[in-house]
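Just below is one structure, and these are the notes that go with it.
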Amino acid sequence: CGQFAPSDDCDTCRSCSLAVPLFHIWLKSTMGTAGSQDKQTNGSVGKGNLYRSNGSTSQPSHPNGNTAALNASLSYELRPYRETDALLPNEHYQGSKFSGDTESKAPGGCSPRDGPAESLCSMVLQILVPFLLAGLGTVCAGMLLDFVQHWDVFQEITEIFILVPAVLGLKGNLEMTMASRLSTAVNAGKMEPAREKWRLVIGNLALKQLQATVLGLLAALMATALGWMMEGEMLLNHATLLCAASIATAFMASLLQGVIMVGVIIGSKKVGFNPDNVATPMAASFGDLITLAFLACFSQWFYTFLELYSYVLYLVGLVFVSLIPLWVVVSSKHPASCILLRTGWEPIITAMIISSIGGLILDKTVSDPNLAGVIVYAPVINGIGGNLVSIQSSRIATDLHVNCSAGEVSEDHNSCSSPCRTFCGSGANHRSARVLLLLVIPGQLIFIHAIHLLKGSHTLPSPVFIVAFLSAALIQVFSLLCIADWMVHCLWRRGKDPDSYSIPYLTALADLLGTGLLSLVFLLLWCIGDRGST
C-alpha cells in the first residue's frame, strides 16, 4: 500500500510478500536493532528478543498479479528467545533439506516431515562402529585405572577415586551435550551458511570451556567434602591438589575433545552419515581414556610439588580461573550459546553431584580388598550405558526439533510413560531403542573378553560372573532408555531444550546405576566364593 511500516489493518500488507523485509526495515529504524544477530526472513533478534513470524513467510504470486487476492496472512509477535527455538533460524536458506517447509510443523502438535526414511541396516551400521570404538576406549580406560590405582598419589589421596566418575562424567555433561546440540542443528538444516555455522561452533566451544573450568572446580570441592564426611579429616594440601588436578584435567580434556567433536559432526554430514548416530558415541570413544590419562598425569605431577612447591598448585588454578571472563565474552556473542550461558548450569551441576555419589560408592568398594576388581569394569559398564542412552536421547531430541512445535508432543506421549511405549512401535525411535538394547549383550561380551586378553589371562571369566555382569548391564540400559524416553518429552513439554538438559542427567544416572549394580555383582560373587572370575 506504499506505507513505510506495514499495517495489520491493511489486507495488502498482510498478503504482500514484501511485508517481511519492510517490517524488518521498520524494526531496525524504530527499535534500534542494528547489528542484530539474526536478519533472516523469519525474524530478527534484538535486545534479547526474537521476532518471529507465526505464518508462512512467502507465497507464490497470483497469476493476475493481484497480491491482495492471495490466501495468506502474516502476524508478528514479540517474545523471548526460547531454548527450544532452532539454533540457527534458517528456514529459507537454499539447499537445506527442510528449506521453506515451515508449514509442515503444525502449530499445537507434531507433523512428521516427508523425507527419506533411515533404513534399519543403515542405522545399525552407523551405530555399531562408533559403539565398538567407544567400548574399546572404555576398556582401555578401565585398564589404565587399574594400573594407576597403585601410584603414590592414588594411595595417599584416596579422594581421587571419588573424583574419577565426576571428571569422567564431564564427557556426558559437556562433550555429548554439545555433540547432541550440533547434530540437531545439522539434521534440521541449520548449519549450511558457513559464517553462522562457525559462529555457532565457536560460541559452543567457548561455553564448553567455561563450563569445564567451573565444573572441574566444583567436582574437586564435592570430592573434598565427601571425603571429609567419610574420613572425618582433610588436609589443605590434599584439597588444593584435587582442585588443581581437576581443573587442569577438565580444561585440557574438554578442549581436545571439543575440537575433535566438531570435526566428526561436520565430516559425518559430508559423507552422508546421521550425526545423531555417530557424534555422541564418538565423543565418548576415547573421552574416558583421554580424561583419565590427564587426571592421572596431572595428579602425579602435582603430587611431586606438594611438599616443597605447593604454591605451584595455586598458580595453576588461578591461571585457568582467570580465563573465565574471556569464555563468557566469546560465548555470549551467539544467541544460542548466550541463552545456555544463563540457563544451562542446572543440569550439569546436578549431574556432577549424582556422579560424585557414584564416585563415593566406587571409593568405598575399591577400599575393600575383596571387591577391588570392580575398578577395571566400572568405566566399561558406566561408559557403555551412557553412550547408548545418549544416542537415543539425541535422536528423540532431533525428532522433536524437526517435527513438533515447541512445548507440544504427539498424543501417545501425553499419557503415562511405560516400557511398552519406549520399545513397542513402528516408529524410528522405537526401532532404535530396540537396536540399542540388543547391542548390550554382544557388546559387553566382546569387552569382557578384551579386558581379560589385555590382563594376560588365558581363561575366560566364570559363567556366574558373565551372567551377573550381563544382567546388571541389561538392567542399567533398559532403565536408562525408559527414563530417556520420558525425560526428553517431559523437558520438551516444559519448554526446555532436551539437547542441553537430558544427556547430563542420563549419563550421570548411568554412572550411578552402573557403579551400584556392579558393586552388587562383585559383592554377590564374594558371598558365593566365585573369586577366579575377577
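One-based numbering along the chain as shown.
Here the Cβ of each residue, glycine as well, is placed from N, Cα and C on the backbone.
Annotations in TrEMBL come from automatic prediction, not curation.
Remember, it's a predicted structure, so these values are computed and weren't measured experimentally.
Lifted from TrEMBL, the feature list:
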COMPBIAS  33-44  compositional bias 'Polar residues'
REGION    33-66  region 'Disordered'
COMPBIAS  51-66  compositional bias 'Polar residues'
REGION    92-112  region 'Disordered'
TRANSMEM  123-145  transmembrane segment
DOMAIN    164-296  domain 'SLC41A/MgtE integral membrane'
TRANSMEM  205-227  transmembrane segment
TRANSMEM  239-266  transmembrane segment
TRANSMEM  278-302  transmembrane segment
TRANSMEM  308-330  transmembrane segment
TRANSMEM  339-362  transmembrane segment
TRANSMEM  374-391  transmembrane segment
DOMAIN    379-520  domain 'SLC41A/MgtE integral membrane'
TRANSMEM  435-454  transmembrane segment
TRANSMEM  460-484  transmembrane segment
TRANSMEM  505-526  transmembrane segment
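The transmembrane segment (123-145) shares more Cβ pairs under 8 Å with 435-454 than with any other stretch in the list 308-330, 339-362, 435-454. When Cβ-Cβ distances below 8 Å are used as the criterion, the transmembrane segment (339-362) is approached by residues 81, 83, 161-166, 168-170, 172-174, 177, 207, 210-211, 214-215, 218-219, 222-223, 226, 230, 328, 331-332, 374-375, 378, 382, 500-502, 504-505, 507-509, 511-512, 514-516, 519 of the same chain, each at least six residues removed from its ends. Across the range of the domain 'SLC41A/MgtE integral membrane' (164-296), the DSSP-based residue counts are 117 helix, 0 strand, 16 coil. Cβ atoms under 8 Å from those of the transmembrane segment (239-266) belong to residues 153, 157, 159-160, 163, 167, 170-171, 174-175, 178-179, 182-183, 186, 191, 201, 205, 208-209, 211-213, 215-217, 219-221, 223-224, 275, 278-279, 282-283, 287, 290-291, 294-295, 298-299, 302-303, 306, 310, 313-314, 316-317, 320-321 of the same chain, restricted to positions at least 6 beyond its ends. The DSSP breakdown of the domain 'SLC41A/MgtE integral membrane' (379-520), given as helix, strand and coil counts, is 113 helix, 1 strand, 28 coil.
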